[in-house]
Amino acid sequence: MDKKQLLLIEKFCLAGYAILVFSATIVFVTILPYPQIAIGLPNFAKFVLKSAIKHQFVFQTLLATIATCIHAYRTIGIRQMLIFMAPSMILPFSAEMLTIKTGFPFGHFVYPDGNGINFTAIGLGYKVAGLVPWTIALWWFSGSLATYLLARAGVEAIGLSQRLSQIGAVIFGAMLITAWDFAFEPSMHLSAVRFWNFQQSGAYFGIPAFSFASFMTVLVLFMSVAARFWRQEPLQLESSQLNLPLVNYLTNLGAAFIFDIFTHMWIPLAIGIIFGLAPALTFWWIRNKYSRDVINHVSTRRFNETMGG
């Protein structure tokens, strides 16, 4: 399979992922809050709607993972991808398993089963040991690699040392996903949809505040492990190679914003914009500007050499 075919599959999976996420989100905020609409549907329509709600997260996660793997293979290589994949799947998934058993480190919560005509619980896939859906490990990988690459490319373009670039990429990459969590959890918690249920209340719109600190700590931990074992040279990603990470992240963030708007959660929305949307676009813009400057510099140098010759 050549590069053009891989790129085509990558774009198809990314587009499918975005379409599934936003179409499902619209259903979640417009139909699920009013179960009488679903109950009044014909039996076949009920079956289709229930099946779509129960399985859409599995399909969208698989599409995101396939697109992420192809993109990583094309841009950073399979070695770097696997080095990031291992800690990004194992460490947070283990932390979630421990949390559901003990309440540490994220606080007491559970993943409900997606069943019943009321559609209030979303199916996330088979639960490992009856605790955490297997798709969650893939979500951690695809979501965190996207934000790490965005942050790493932006920080490197500023011209910092390699060590500072790695540290900055870890901190800002973790911040971007945490900003999504700040934007999404309160509105999801107060909506008719349940991806997971907290069994204890907290200060941040009913969510325990320490959960977010633990969330970012786990992100920083596994990103640091991956960065430690990556090759110690700049990634040198072109701006076009950041399109997938940017679209991946903005898809997740956009879905959270839709939940915020429909539940009137303006503070979480503002946090998501300030600490998520704005930095992500800034990192992409910085790298894009750096790429243009390099191209202009090379073109000017070649022109001068030609004229001089």
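Heads up, the Cβ atoms here are built off N, Cα and C, so glycines get one too.
Here the structure is a predicted model, which means the values were calculated and not measured.
The transmembrane segment annotation in TrEMBL covers 12-37 (among others).
The annotation transmembrane segment is assigned in TrEMBL to 57-76 (among others).
Per TrEMBL, transmembrane segment is recorded for 88-111 (among others).
The transmembrane segment annotation in TrEMBL covers 131-151 (among others). With a cut-off of 8 Å between Cβ atoms, the residues of this chain six or more beyond the transmembrane segment (131-151) that come close are 57-58, 61-62, 64-65, 67-68, 72, 75-76, 81, 84-85, 88-90, 92-93, 96-97, 100-101, 111, 124-125, 168-174, 176-177, 180, 219, 222-223, 226, 235, 237, 242, 244-246, 248-249, 252, 279-280, 283-284.
For 163-183 (among others), the entry in TrEMBL reads transmembrane segment. Tertiary proximity for the transmembrane segment (163-183) is limited to same-chain residues at least six positions away from its ends with a CB under 8 Å from its CB atoms, namely 143-144, 147-152, 154-156, 204, 212, 215-216, 219-220, 223-224, 227, 234, 249, 252-253, 256-257, 260, 268-269, 271-272, 274-276, 279-280, 283.
As annotated by TrEMBL, transmembrane segment applies to 203-230 (among others).
The transmembrane segment annotation in TrEMBL covers 242-259 (among others).
Among the features that TrEMBL reports, transmembrane segment is placed at 265-286 (among others).
Taking residue pairs at least 6 apart in sequence, the transmembrane segment (203-230) and the transmembrane segment (88-111) share three or more C-beta contacts under 8 angstroms.
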